[in-house]
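S.K.: Dropping a structure here in structure tokens format, bear with me for questions.
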Amino acid sequence: MAWGLPSTTSLAQFCQKLNRLKTLKESTTETSQQGHLTTLDLTLLGVGGMMGFGLFMLMGSVAKGIAGPAVVVSFSVAAVAFLMGALCYAELAAHVPRRGSAYLFTYISLGELWAFLVGWIMLFECLIVGTAAAHVWSSNLDAIFSHRIRSFTVAHVGVWQVPFLAQYPDFLAAGIILLISTFISCGVRVSSWLNRLFSAISLVIVLFIIILGFVLARPDNWSAEEGGFAPFGFSGIMDGAATCFYAFLGLGSITASGNEAQNPKRAVPMAITISVGLVASAYILVSAVLTLLVPWHSLDPDSALADAFYQRGYSWAGFIVAAGAICAITSVLFNLLFFVPYMVYAMAIDGLMFHVFAHMHPQTQVPLVNILVFGVLMAFLALLLDLQTLVQFLSIGILLTFTYMATGIIMLRFRKSPPASSLGPASTVGSEQASAPEPGELRPALRHYFGFLAGYRLGAAVAWALRVLVVSAITLDCVLVFGDSALHLPPWGYTLLLLLSSVVFLLSLLVLGAHQQQRRQDTFQVPMVPLTPALSILLNVFLMLQLSYLSWLRLSIWLLIGLVVYFGYGIWHSKENQQELPGLTVTHSSLEETEQGL
């Protein structure tokens, strides 16, 4: 057979491989569980999961190097963007009859390649946030000892002057990662009561910081003499919002526990809204206090809150804040180092990652190889990389993941429900709906106005409209962000592109809204679809474009490595490719336990 271009049939089959969906089967043990969590329980889970990230890890870095005192606005914008994405996350969690991760949700809504990329991005984000958390842990411990540990290391090792690397090796950060990895490899996990204790300590520390901070506040620190409220301008605020987006990541603990709620349809969205509002309020108040206590340019990003009190001469207060930070970050590290190996294990069981990562130790029942590999890798990164460099890595991956999930919501809404045996009670369609229009069909009342779409096969017009919506959202955001600077557009060209992309975006929304959606009364659904997920896509892409080109370069390199892994191994060893589903329940039952920590 002569070599030539692949046939249309071959290309179509190849694309089907990339977009094949995961089929889930109902587990009788899960559906028989009686929900016991109230809205308050879920809210406390969300608050406890989110508080440590932004409070002790991001706030100082964003305030000093990105947004200045306007970090309060950055957290507000990030909260709005995250809330829209979290509602999409909640519907996907309700759609699946078991708890899972963004990787699993993407696998059942968009397809295999996208699920692999989401899992690969989550792995990257978890490695970075774990490394950053270890730096914050060591910095706060160092602050308690008046920075003697840093002085000792610098005196005996010296100072490095290498771009993107730390000024000195952080042996303490690497050591805490290896220590926790050792505990986890022995089958030890931080208990739920200890998690609650650390969450309670974080809440008490927040109240302490707010009360004492406002008593000691100096409004002059926001004055023009100190650089003003927004020293980096609007771009700094938006760049800060993109970075602060990661501060709300712990909200996954709510959706992960949604199937244990007494009334998931009501409790999950209420808990999400309340917890995001509470945590956003705490972030805004604490960041205001932080920049009013001391000038923003004098902050120590590694231990900003504790150091601010030390600078003001309140060493006892700095000690309390540093001790609280150590407790909160320890919980974060335990949950993170427990989650990463099991997420990779789930991907390996599905055949998308190397088979060695699917090995479970027979005695301890933990993925020992995964813990050792990624624990050592995280410790190596913590030893060498600078916290400021790590912060620049954050958020771009999770913003991209949330964009995938918002797209997945639109796909699921306009797709016919699978049989009830696949997805359980949440997908059961009553007999009275048998004669109703199928999802993806034109609404009967609008067929007269959109008759030109009637010739398309079921779902084709929706798929094309969704593609156009995503492309027009990216175009509109590019014009808004780069129109006056990088693109150097004349005023008429800027206005024309802005109008064209806006009109196309609205028209694609209109076409999507003209089609029938799935309507379920027994599970939570995002309100105002496709508007809400479309706005989430628009805002997520806008925030991603605010990040530096280095963040995009690093993510692109990581994604290229991931594509090599997928096309070299995953696509051929995928269980869906082999039309097998062995060990599905085992895979996700392990993953379920870990997701609560994030």
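Yeah, the Cβs are placed from backbone N, Cα and C, and that goes for glycine too.
Feature list, courtesy of TrEMBL:
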{"type": "TRANSMEM", "residues": "42-63", "note": "transmembrane segment"}
{"type": "TRANSMEM", "residues": "172-190", "note": "transmembrane segment"}
{"type": "TRANSMEM", "residues": "197-217", "note": "transmembrane segment"}
{"type": "TRANSMEM", "residues": "229-249", "note": "transmembrane segment"}
{"type": "TRANSMEM", "residues": "270-296", "note": "transmembrane segment"}
{"type": "TRANSMEM", "residues": "316-345", "note": "transmembrane segment"}
{"type": "TRANSMEM", "residues": "366-385", "note": "transmembrane segment"}
{"type": "TRANSMEM", "residues": "391-412", "note": "transmembrane segment"}
{"type": "TRANSMEM", "residues": "458-482", "note": "transmembrane segment"}
{"type": "TRANSMEM", "residues": "494-514", "note": "transmembrane segment"}
{"type": "DOMAIN", "residues": "524-574", "note": "domain 'Cationic amino acid transporter C-terminal'"}
{"type": "TRANSMEM", "residues": "526-549", "note": "transmembrane segment"}
{"type": "TRANSMEM", "residues": "555-572", "note": "transmembrane segment"}
S.K.: Select the range from 172-190, 270-296, 366-385, 458-482 that forms the most Cβ-Cβ pairs under 8 Å with the transmembrane segment (197-217).
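M.R.: So the stretch in question is 270-296.
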S.K.: I'd like to know if the transmembrane segment (270-296) touches the transmembrane segment (391-412) in this structure, counting it as a touch only when three or more C-beta pairs sit under 8 Å and are separated by 6 or more positions.
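M.R.: No, since the transmembrane segment (391-412) and the transmembrane segment (270-296) share fewer than 3 Cβ pairs closer than 8 Å, they do not count as touching.
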S.K.: Can you tell me which parts of the same chain pack against the transmembrane segment (458-482), counting only residues 6+ beyond its ends and a CB-CB cutoff under 8 A?
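M.R.: Answer is 407, 410-411, 414-416, 438, 440-441, 489, 494, 497-498, 501-502, 504-505, 507-509, 511-512, 515, 530, 534, 537-538, 541-542, 545-546.
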S.K.: With the transmembrane segment (42-63) as the reference, find which of 270-296, 366-385, 526-549 contributes the most Cβ pairs under 8 Å.
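M.R.: Counting Cβ pairs under 8 Å, the winner is 270-296.
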S.K.: Which sequence-distant residues neighbour the transmembrane segment (316-345)? Criterion: at least 6 residues beyond either end, Cβ under 8 Å.
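M.R.: For the transmembrane segment (316-345), the nonlocal Cβ contacts are 51-53, 55-57, 101, 103, 119, 122-123, 126-127, 129-130, 133-134, 136-137, 140-141, 143-144, 176-177, 180-181, 183-184, 189-190, 194-195, 197-199, 201-202, 204-205, 208-209, 212, 303, 305-310, 353, 357-358, 360, 366-367, 370-371, 374-375, 378, 587, 590-591, 593-598.
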S.K.: Report, as numbers and ranges, which residues of the same chain sit near the transmembrane segment (229-249): CB under 8 Å and 6 or more residues beyond its ends.
M.R.: 50, 53-55, 57-59, 61-62, 66-71, 73-79, 81-82, 86, 125, 129, 222, 276, 279-280, 283, 296, 391-392, 394-396, 398-399, 542-544, 546-548, 598
S.K.: Counting each residue once, how many in the domain 'Cationic amino acid transporter C-terminal' (524-574) are helix, strand and coil under DSSP?
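M.R.: DSSP composition of the domain 'Cationic amino acid transporter C-terminal' (524-574): 41 helix, 0 strand, 10 coil.
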S.K.: So which residues does the transmembrane segment (366-385) touch in its own chain, when a touch means Cβ under 8 Å and the partner is 6 or more beyond its ends?
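M.R.: For the transmembrane segment (366-385), the sequence-distant neighbours (Cβ-Cβ under 8 Å, at least 6 residues beyond its ends) are 123, 127-128, 130-131, 134-135, 164-166, 169-171, 173-175, 177-178, 180-181, 184-187, 337, 340-342, 344-345, 356-360.
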